[in-house]
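What follows is one structure encoded as structure tokens, with my remarks underneath.
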Amino acid sequence: MEVHELFRYFRMPELIDIRQYVRTLPTNTLMGFGAFAALTTFWYATRPKALKPPCDLSMQSVEVTGTTEGVRRSAVLEDDKLLLYYYDDVRTMYDGFQRGIQVSNDGPCLGSRKPNQPYEWISYKQVAEMAECIGSALIQKGFKPCSEQFIGIFSQNRPEWVTIEQGCFTYSMVVVPLYDTLGTDAITYIVNKAELSVIFADKPEKAKLLLEGVENKLTPCLKIIVIMDSYDNDLVERGQKCGVEIIGLKALEDLGRVNRTKPKPPEPEDLAIICFTSGTTGNPKGAMVTHQNIMNDCSGFIKATESAFIASPEDVLISFLPLAHMFETVVECVMLCHGAKIGFFQGDIRLLMDDLKVLQPTIFPVVPRLLNRMFDRIFGQANTSVKRWLLDFASKRKEAELRSGIVRNNSLWDKLIFHKIQSSLGGKVRLMITGAAPVSATVLTFLRAALGCQFYEGYGQTECTAGCCLSLPGDWTAGHVGAPMPCNYIKLVDVEDMNYQAAKGEGEVCVKGANVFKGYLKDPARTAEALDKDGWLHTGDIGKWLPNGTLKIIDRKKHIFKLAQGEYIAPEKIENIYLRSEAVAQVFVHGESLQAFLIAIVVPDVEILPSWAQKRGFQGSFEELCRNKDINKAILEDMVKLGKNAGLKPFEQVKGIAVHPELFSIDNGLLTPTLKAKRPELRNYFRSQIDELYSTIKI
């Protein structure tokens, strides 16, 4: 049968008939068809496309075959074998920087700025040159090029930190960071524990603090302080009197330049960093982190996000989170091994927004406290009902796209509503990651929509080199911390006294992989508490597996928790101090990971309160006094005074209290038979008072 006969058979017009029909159409109609076709083609070519997820997002982790303990691994992996290195030639921090030199083609590496000035950059090879000079100078001063040689850094984030760090790694030395918030006693402890004989300090004020320890014979091991900024000769003379050499960083570089030593790079198993964690009780613990630990964790991040993101020399990171913590160290390591640029903030968090506008970063790691401030500021500026409605409406439209896996910053809502928010961060951010403490699902979901970039949430701790779980590309839901990273396994173990059972998908989170640290420096007892005989790290966090294979953190094994800014709180220690208040019989200190401060429920002493109040000019029955707001204020002031005298840090002090007239007891279910507080029951019992305190207190 001929083709034209087939057309007739199916009553379909031949091409010649279609042409004749088209000729009869009016010009306006033809133009309309043409415009519609053009718009359809344009939409198809430019329509927003969902990011391709690396695995089935309904099952992001799978159980490891052959295990009976419910061990799970990332579904991104093809089999049960964990990822060790993403790049075969990058196995140490030194290797990573050398790769950065190559892939960047000696491009800009580290940038800094002075007030009201643009960023000034030094190249990768310039950093490598300075690093070799610093390392060579240390060897000239008698320090050994080996992983038993510890070098202290006491500084804010700045280019010199990376240069000094690379100088240490070039010669297999180990970096020991120090930071202000540890306190003087903790710094003294670390200097002695790590036997630091040389410390690099950014400012003369920190050098003076270190000298005080030597002068008071508290840190006799310290012999050299290298200062980055300019300083007076008085400081040199002061150092000479107690046997400490004060030298400028530039002078040290010059010494190394004329005494160059061939690099002696480290092995993957060698120590890279001793990261001291503040903890809650006792002295800081020095987590021993190897080069393999760091590069393995970096590799896990790269593998988990490779379907949607690979860093490049065009990327720019804003460095403001403390380099003394592993989170920022890992982020910067990922950037450097891809030849990206790192721009440092001016050192003043109040100027961060100005730094962002000038630097225009593409990578922006954050902590929940900053996200909360951004969220509050955005909604604070939406000061009319119309503005608030528009903001809510636009965010809901963007959230709908997120649920479809679409991430973009060029929608109508971005142009009308969110452009100003995005511009405040420089306008070029393409990836954000948050960690260190939990973030509110409301805040995270809104900012994911408003900022229009890939926004990941991670979970981990220093002992697993910052991260062990990470949300995956395409899963922009909140309320979980993602799936196990491709570099480690996760399992949950029973916590019987808290009624958490691994068989029900709840229990203490345990981690195993090449990112798990070697132990605590010179502290076998606490190492044994953290690492079991099979190499599992016990985090102390209680987790729950969700149906999609992601992990949700729901509790702490011990009564220790973090506030929104990441500080650890030991409530029982604080309660024992507050119980010294004459008027207080019982106290329950409470904090939440999404709140920046503590509150407390206080039960006054029924026999003491009336006379205590009378001395302060208050009269009434016990119940009346408990309801008196002025009494509430007086009790709080007395507690805070006791806390200050006992050395509580500002974040350990409660900011508000609710006075309750009835004692916690076994009968009302708030105490155990051994008269210990049942904290979950107390939390639930006083939920309304807790919520009211958090809603009314502004700090």
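Keep in mind that glycine also has a Cβ here, set from the backbone N, Cα and C atoms.
According to Swiss-Prot, the N-acetylmethionine annotation covers Met1.
Per Swiss-Prot, 3'-nitrotyrosine is recorded for Tyr9 (among others), and the stated evidence type is experimental evidence.
Under the heading transmembrane segment, Swiss-Prot lists 25-45, citing sequence analysis as support.
Sequence annotations record features per position, and here Swiss-Prot assigns topological domain 'Cytoplasmic' to 46-699 based on sequence analysis.
For Tyr85, the entry in Swiss-Prot reads phosphotyrosine. For the recorded site, Tyr85 (phosphotyrosine), the DSSP three-state label reads coil. The Cβ of Tyr85 (phosphotyrosine) lies under 8 Å from the Cβ of Arg91, Met295, Asn296, Ser299, each on the same chain and at least six residues away in sequence.
A C-beta separation below 8 Å, combined with a sequence spacing of at least six in one chain, links Tyr86 (3'-nitrotyrosine) to Cys298, Ser299, Ile302, Lys303. Residues or ranges marked as 3'-nitrotyrosine in Swiss-Prot: Tyr86 (among others).
Look at Swiss-Prot and you will find Ser136 tagged as O-linked glycosylation site, backed by experimental evidence. Secondary structure from DSSP puts Ser136 (O-linked glycosylation site) in a helix.
What Swiss-Prot records for Lys208 (among others) is N6-acetyllysine, and it gives similarity to another entry as the kind of evidence. On its own chain, Lys208 (N6-acetyllysine) has Leu235, Arg238 as residues at least 6 apart in sequence with a Cβ closer than 8 Å to its own Cβ.
Annotated N6-acetyllysine per Swiss-Prot: Lys357 (among others), in sequence order. For Lys357 (N6-acetyllysine), the same-chain residues that are 6 or more apart in sequence and have a Cβ closer than 8 Å to its Cβ are Ser423, Ser424, Gly426. DSSP assigns Lys357 (N6-acetyllysine) to a helix in the three-state reduction.
The local packing around Lys387 (N6-acetyllysine), expressed as other Cβ atoms within 10 Å of its Cβ over all shown chains, amounts to 13. Sequence annotations record features per position, and here Swiss-Prot assigns N6-acetyllysine to Lys387 (among others) based on similarity to another entry.
Annotation source Swiss-Prot lists phosphoserine at Ser621, citing similarity to another entry. Long-range Cβ neighbours of Ser621 (phosphoserine) (same chain, at least 6 residues apart, Cβ-Cβ under 8 Å): Pro610.
Positions annotated as N6-acetyllysine by Swiss-Prot: Lys633 (among others). Mapped onto three states, the DSSP output places Lys633 (N6-acetyllysine) in helix.
The sparsest Cβ neighbourhood within 10 Å, among the listed recorded positions (Ser136, Lys633), is found at Lys633. A separation of roughly 38 Å, to the nearest angstrom, links the Cα atoms of Lys387 (N6-acetyllysine) and Lys633 (N6-acetyllysine). Taken together, the residues of the topological domain 'Cytoplasmic' (46-699) have an average pLDDT of 94. For the pair formed by Ser136 (O-linked glycosylation site) and Lys633 (N6-acetyllysine), distance between Cα atoms is given as 60 Å, rounded to the nearest Å. Ser621 (phosphoserine) falls outside any helix or strand according to DSSP and counts as coil.
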